[in-house]
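Undergrad: Sending over a structure as structure tokens; questions will come in a sec.
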């Protein structure tokens, strides 16, 4: 089982994903739960070096180069972590995946959507999540969280304006309409409230999942 979590920066997806992993460990005690993230991946030196480069405020790169770097890190992530884990029958939860590239590089940065989609289909060999959970949060709330928790330490990708994030959200809305396995969850509540919404949805969704 492969589940990705999506949302704009400071949407709470990282925290909620970790909480959801604890729920899955109880629901599926016989399964190993693997949590990971993009860009980068847990303990993947090369992919994490790309992540550090992408997030650094000191690096000024074009949207096209950004797209290629994300794709490169994703391929490493797949080869070294995601594919082996799925092959071993583990449940993989990933904080960001291909949909982030479409929403951020495609809609946010204005690159051709078909180009971004085709590139990521190629490098992933059409490996897509069984389920994608998109935490839909107001931009004002996300910016409030960024200010409270990160102050002046925002990275290059977080340090963008409202107009950019509006485009990104439009991208996620596009994906929600296009992909039958892409589901929107209200992310404006507390972490526990959002987790309850996800668990309630997952229980119903998994009950109808082909076994």
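Don't overthink the numbers, they just go from 1 along the chain as shown.
Here the Cβ of each residue, glycine as well, is placed from N, Cα and C on the backbone.
The ATP binding site annotation in Swiss-Prot covers 7, 8, 9, 10, 11, 12, 13, 14.
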Undergrad: Most Cβ neighbours within 10 Å: which of the binding-site residues 11, 14 is it?
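TA: The most densely surrounded of these binding-site residues is 11.
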Undergrad: So of 8, 10, which of the binding-site residues has the fewest other Cβ atoms within 10 Å around its own Cβ?
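TA: Among the binding-site residues 8, 10, the sparsest Cβ neighbourhood within 10 Å belongs to 10.
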Undergrad: With a radius of 8 angstroms around the mean position of the C-beta atoms of 7, 8, 9, 10, 11, 12, 13, 14, what other residues of the same chain does the ATP site pick up?
TA: 135, 137, 142, 187
Undergrad: For residue 7 (ATP binding site), what residues in its own chain, 6 or more apart in sequence, show a Cβ-Cβ distance under 8 Å?
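TA: Listed in sequence order, they are 13, 134, 135, 136, 137, 172, 187.
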Undergrad: Taking the Cβ of residue 9 (ATP binding site) as centre, how many other Cβ atoms lie within 10 Å?
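TA: Residue 9 (ATP binding site): 20 neighbouring Cβ atoms within 10 Å.
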Undergrad: Please report the DSSP secondary structure of residue 10 (ATP binding site), reduced to three states.
TA: coil
Undergrad: CB neighbours of residue 12 (ATP binding site) within 10 A?
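TA: For residue 12 (ATP binding site), the count of other Cβ atoms within 10 Å is 22.
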Undergrad: Just to be sure I understand the packing, how many Cβ atoms besides its own are within 10 Å of the Cβ of residue 13 (ATP binding site)?
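TA: Total other Cβ atoms inside 10 Å, all chains included: 25.
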